[in-house]
């Protein structure tokens, strides 16, 4: 018996630990499925040994004690939880138990709803006015969150309509839609705030702020699903009727509610909701199935912690626990280096998961993750599996630190992480196999070297057949080799070779743009070319030198400096020059000798032009001594606004910068 008592004590201690983390700290350490498994184990053991059941066992109550920082509210009608079923067989057994208890073979009518994944709350209305709101807490005592609930726009402060009871306590779920969850985390990443693991944690954390002004900024919403206190009024005698009455009084109710007259209809509803789950826009973890008749509900009654007339039919768990066996680093097509956790394979939501993205170094630090850790994995819908949190209380002794590579795992080039960015990137854009296709497609594009006839599909084949590894290899292609590609005849192949030969004559600005240096667009490339004049001068430039170019700040300057510091990039540039790529020598423009109102001014073009292309306008402006920048700043002298000018025009007006339209530009050109 001692061993049974020890098992019970251990299970209760473990469950209380997880209840505290879930209900009080809003930081669950294990997925719901693991908590449910432990609870089932405890309930089964207590059923076998009823003499060992204690009043404070987790099976005898709901949740954990409230935080001391909120005033406490005693629920006049306890807020109970629901028992769970996890498969069709268990639901059918529940259905039979209900019919047996009712001593009836008549078909039951079930009311089926979504099981929302948020925070259960009680809201008390007196004479139609919201007077108090509370969390479930331990089911008997909750926390007073009235001030915070009043900030949720979905919850009416005053009920509308007729026949409103003198005292009405509605119960429901406060939750956070997925778009709101993403918005909160995006803002937290930007400001260095707390990143939430999932919408449920974000909703709980938002609702239990001591400062209601913080809660008011969070896009929380609410669905009503039940009633507690009812005094001085009458409600319909069915569950669905009550939901419809709540809706008439202005309380939000889910539109996914359905009456089912058979167990088969309930199962069909369950599977349809499971299918629609990814497109709902908010998290659910199952469906709730209730006897629709209030009279039958009263006849069925309650057990210690749950009603006999309702059950939660939960979906396969979207979270599971496993171990991180290793971390590998993948390089994306833009050079982003992403850490990927190699996991002990585990079934999550019906899929065997063996890998999970770790996003970046900041995410690893936030998680406090080490190789060998026990972790919670989440897979929702089609989302790539990710690590939600580390189970630090079960950390093995032999875990290892995760070290980000100093060199690209594909090509060996240096990696960079610019201040203010979360992504670590490979700097070997011209040689890295992982970036090869995108780098080549950019190199031959119309605004770069403009190789006519060299489309994306040709580049794909050239890379896949390993005919081309760097941009310099393009200029060694023969018509004979190109003829071996799909849909490439001798004439088309020769045309591509001719186009490559023609592309060797370019401009310094186009060449710089074609190199694909991160953050260097056409305008920045033109500015760099105009400022430094020669490739030799640009390659020698320091980060401080680079920031003297209009529209080049510390981030762009760092990217440019790191690009030319990488030896492999300089090697490819050397080979391109050996293949005959060239451009005219720089023309030194003496601004003082140019008779133009644009000479010496930093100009920004925005909007669309009708009389000439943006490229032609830029070329004209540079030729008459202007510096053309890509964004508006205090250094900008003039903005030329075409049709549908947007944020750049607004910023110019805000900074008091002179603005002219296309017609005035042409007049100043002398046209």
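Placed from the backbone N, Cα and C atoms, the Cβ positions cover glycine too.
According to Swiss-Prot, the protein carries these features:
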{"type": "BINDING", "residues": "32, 33, 34, 35, 36, 81, 82, 113, 136, 173, 290, 314", "note": "NAD(+) binding site"}
{"type": "ACT_SITE", "residues": "115", "note": "active site, N6-AMP-lysine intermediate"}
{"type": "BINDING", "residues": "408, 411, 426, 432", "note": "Zn(2+) binding site"}
{"type": "DOMAIN", "residues": "593-671", "note": "domain 'BRCT'"}
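Where Swiss-Prot records a feature, it is marked here on the structure.
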residue : record                                  : contacts (Cβ under 8 Å, 6+ apart)
32      : NAD(+) binding site                     : 285, 314, 317, 319
34      : NAD(+) binding site                     : 320, 321
36      : NAD(+) binding site                     : 84, 86, 314
82      : NAD(+) binding site                     : 288, 306, 307, 310, 311, 312
115     : active site, N6-AMP-lysine intermediate : 284, 285, 286, 287, 288, 312, 313, 314
290     : NAD(+) binding site                     : 110, 111, 112, 113, 239, 297, 309, 310
408     : Zn(2+) binding site                     : 331, 335, 337, 414, 415, 426, 427, 428, 432, 434
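Fewest Cβ neighbours within 10 Å among the binding-site residues 411, 426: that distinction goes to 411. Straight-line distance linking the Cα atoms of residue 136 (NAD(+) binding site) and residue 411 (Zn(2+) binding site), rounded to a whole number, equals 56 Å. Across the residues of the domain 'BRCT' (593-671), the predicted structure has a mean pLDDT of 85. A coil conformation is recorded for residue 432 (Zn(2+) binding site) in the three-state DSSP classification, outside any helix or strand. Using a 10 Å radius centred on the Cβ of residue 136 (NAD(+) binding site) and all shown protein chains, the other Cβ atoms total 23. Helix, strand and coil counts from DSSP across the domain 'BRCT' (593-671) read 28 helix, 18 strand, 33 coil. The 10 Å shell around the Cβ of residue 432 (Zn(2+) binding site) contains 24 further Cβ atoms across the protein chains shown. Residues 408, 411, 426, 432 make up the record's Zn(2+) site, and a Cβ search at 8 Å around their centroid adds 331, 335, 407, 409, 410, 412, 413, 415, 427, 428, 429, 431, 433, 434, 435 from the same chain.
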